[in-house]
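Report on the following structure.
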Amino acid sequence: MAATTLPGAGISFSGTVSVKSSRLTAPHQVRLLLPRGGGRRVVLVASASPPTPPNISEKVAESIKNAEETCAEDATSGECAAAWDEVEELSAAASHARDKLKDSDPLEKYCKDNPETDECRTYED
């Protein structure tokens, strides 16, 4: 049997893996059927984090560049402080937007309401 590793997930196992892509219930989701002893199989569902909303990362990078340019001459000026405040506000907005996207994952919502279903079970070895 060949060992299989899922990069970035910290999961490795030996055996045959069956990927059921037709049963995906959320974007960025992969289902794996993992063999277990006694002819049983375990369903492993892995989801990727939702991406940052469009253009927020670019706006944060642009505001950082603007703040650095503003503070190059006088780091103690009010304009410099205001520029870094803008960076902080945009960074917080990006973080909140990512959290909101993460909360809107349909599988997470389903599992919150139906934790006993096969798709939502957590297995520990």
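Any Cβ shown, glycine's included, is placed from N, Cα and C.
Among the features that TrEMBL reports, domain 'CP12' is placed at 56-125.
The Cβ neighbour count for C71 (disulfide bond), using a 10 Å radius and every protein chain shown, is 16. Under DSSP, C71 (disulfide bond) is assigned to a helix (H, G or I) in the three-state scheme. The disulfide bond annotation in TrEMBL covers C71-C80 (among others).
Annotated region 'Disordered' per TrEMBL: 95-125, in sequence order. Counting residues per DSSP class in helix, strand and coil order gives 20 helix, 0 strand, 11 coil for the region 'Disordered' (95-125).
For 96-125, the entry in TrEMBL reads compositional bias 'Basic and acidic residues'.
For C120 (disulfide bond), the Cβ neighbour count at a 10 Å cut-off comes to 16, with all displayed protein chains included. The annotation disulfide bond is assigned in TrEMBL to C111-C120 (among others).
In the shown protein chains, 17 other C-beta atoms lie within 10 A of the C-beta of C111 (disulfide bond). Here C80 (disulfide bond) comes close to A67, T70, C71, D74: these same-chain residues lie at least six apart in sequence, with C-beta atoms under 8 angstroms from its C-beta.
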